[in-house]
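First up is the structure itself, then whatever we jot down about it.
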Amino acid sequence: MDHLPIFCQLRDRDCLIVGGGDVAERKARLLLEAGARLTVNALTFIPQFTVWANEGMLTLVEGPFDETLLDSCWLAIAATDDDTVNQRVSDAAESRRIFCNVVDAPKAASFIMPSIIDRSPLMVAVSSGGTSPVLARLLREKLESLLPQHLGQVARYAGQLRARVKKQFATMGERRRFWEKFFVNDRLAQSLANADEKAVNATTERLFSEPLDHRGEVVLVGAGPGDAGLLTLKGLQQIQQADIVVYDRLVSDDIMNLVRRDADRVFVGKRAGYHCVPQEEINQILLREAQKGKRVVRLKGGDPFIFGRGGEELETLCHAGIPFSVVPGITAASGCSAYSGIPLTHRDYAQSVRLVTGHLKTGGELDWENLAAEKQTLVFYMGLNQAATIQEKLIAFGMQADMPVALVENGTSVKQRVVHGVLTQLGELAQQVESPALIIVGRVVALRDKLNWFSNH
C-alpha cells in the first residue's frame, strides 16, 4: 500500500491553494465544502475566485508565491501551470511538515486527492495512487450509479440513533445485528427519501421493538482453490460479516485480506499427515464460539463438502442445535484443471470424472479396479505421499502405462506450477512437487499442450 487513505477534518482550519485557474477552482470547491479557512495565492484569478472572495468565503492574495502563507496552514495544494512554482510550494510545505498536494505530479506530493462519491455523511474515495486517474474516475462513475442518492440521509439518521442503540443494546454483537437490520430496511430508506416523518418513526419503533436473534451461527464458506477472484460473492459477504473466522492453511493471504478487519481470526491449519489442530478440537471451537452468540465463519480452501470434512463439523453443530449454513466454493479439481488447460471431461476422452482422496483412514482401500477403467478422468486430492502407490495400483489393475498425468502445485495462484508426464513416472514426478498439490490422471491431460492459457510452467 503506497498511500494510507485518511479523511481530514479541515473545518475552520487554515489551508492554502497556490494557483488561480480552473484546476485550482476545482480544488478550492472541495476545500470550501469541507469547511476550510481558505487562502488562494496566484498572479491572476478566474472570476469564480472573485465571487467567493466577495462573499467572504476565502481570502485572495495576488502576486507570486509567498511561502510565509504556509506558516499557519494545515494543508496546501499546488495547482499552477508552472512545474517550478509547484515544486517550490511542495518544498516549502515539506520543510514545515505540512501535507501538500501537487496537481498532476504525485511524486512531488505528500498526499493525493482521490475521486470522491459524496453521500454525506457517507463518503467513498477511490484512488489509483496517482498512476491512473482515468481508471479512478471510471470506478467512481460506476459506484455513483450503484449508491442511492438517499444513502446519506440514512447514514445521517443512523447517527441520530447511535445513543439510543448504545443504551438499548448492551453488547457489540447486539448493536451490529440491529444496524444490519436497520440498513437493509428498504421501507425506512424510502421513507427518509420521501421525508415521511410519520413512516420513519413507525418503522424505527418497529425495528427497536423486534427481538434480536441472540443465537450464534456458523457458516461454512468455500474459499476456492487459491485465486481470490474465485471466491463467490456470497462467500465474500459472509467473511465481511463474521465475528470470528476459523481458517486453514489452504486459504490464501489475498482472501484473508478480504475478511472484516475487526473479526477475530483462528488458524487451524491442517495438511495430510500433520494436524495443527485436531478435527475434534476444531469442531469444539466452532460450537463454543457460536454458543457465545457469535457469527462464525469456517473458511476452507476449495469447497467445504468435497474432502473438506465440512459434514463432520456440521454434525457437531446439528447435535447442539446451532444454526448453520453452507456457501459452496470452487473445488480444487475444477479450479486447478481449468487454470492448467486440462478439461476434466471431453467427448472424445472422458465421459466421467472421479474425485478421489489419496489420504485414507488407516486400513482403507480404494476401488482400484473401477478407477483403472477407460474413458474417465481421475483427480486425487492429498495424494502426493501416495503417488507411488497410486501409480502401482492403477497399472496393476489394467490402466495403460502411458496414461498422461499432471501434478498441479499451488493451483490458480501466481505460484502455480504444473509438472506432467505419464503414469509410469507419477511417483518420480511427485518428488518434484510440494503440497498443496493435485494429481490428475487421464487422456484429457494431453490437451494441456494446446489449451494451457494461464501459465507456461
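Here the Cβ of each residue, glycine as well, is placed from N, Cα and C on the backbone.
If you look up Swiss-Prot, you'll see 4-202 marked as region 'Precorrin-2 dehydrogenase /sirohydrochlorin ferrochelatase'.
Within its own chain, Thr44 (NAD(+) binding site) has Gly20, Glu62 as residues 6 or more apart in sequence whose C-beta sits under 8 angstroms from its own. The NAD(+) binding site annotation in Swiss-Prot covers Asp22, Val23, Leu43, Thr44.
The phosphoserine annotation in Swiss-Prot covers Ser128 and rests on experimental evidence. Counting only same-chain residues six or more apart in sequence, the Cβ atoms lying under 8 angstroms from the Cβ of Ser128 (phosphoserine) belong to Leu135, Ala136.
Annotation comment: Swiss-Prot describes 216-448 as region 'Uroporphyrinogen-III C-methyltransferase'.
Residues or ranges marked as S-adenosyl-L-methionine binding site by Swiss-Prot on the basis of experimental evidence: Pro225, Gly301, Gly302, Asp303, Ile306, Thr331, Ala332, Met382, Gly411, Ala437. Residues within less than 8 Å, Cβ to Cβ, of Gly411 (S-adenosyl-L-methionine binding site) and separated from it by at least 6 positions along the same chain comprise Pro225, Gly226, Ala332, Gly335, Cys336, Tyr339, Ser340, Pro436, Ala437, Leu438.
Annotation source Swiss-Prot lists active site, proton acceptor at Asp248. In this structure, Asp248 (active site, proton acceptor) belongs to neither helix nor strand by DSSP; it is coil.
The active site, proton donor annotation in Swiss-Prot covers Lys270 and rests on experimental evidence.
Here the Cβ of Gly302 (S-adenosyl-L-methionine binding site) has 29 other Cβ atoms within 10 Å, regardless of which shown protein chain they belong to.
Of all residue pairs in the S-adenosyl-L-methionine-binding list (Pro225, Gly301, Gly302, Asp303, Ile306, Thr331, Ala332, Met382, Gly411, Ala437), the one with the greatest Cα separation is 16 Å apart.
Fewest other C-beta atoms within 10 angstroms, among the recorded positions Asp22, Asp248, are seen around Asp22. Straight-line distance linking the Cα atoms of Ile306 (S-adenosyl-L-methionine binding site) and Asp248 (active site, proton acceptor), rounded to a whole number, equals 15 Å. In this structure, of the binding-site residues Val23, Leu43, Ile306, Ala332, the smallest number of CB atoms within 10 A of the CB marks Leu43.
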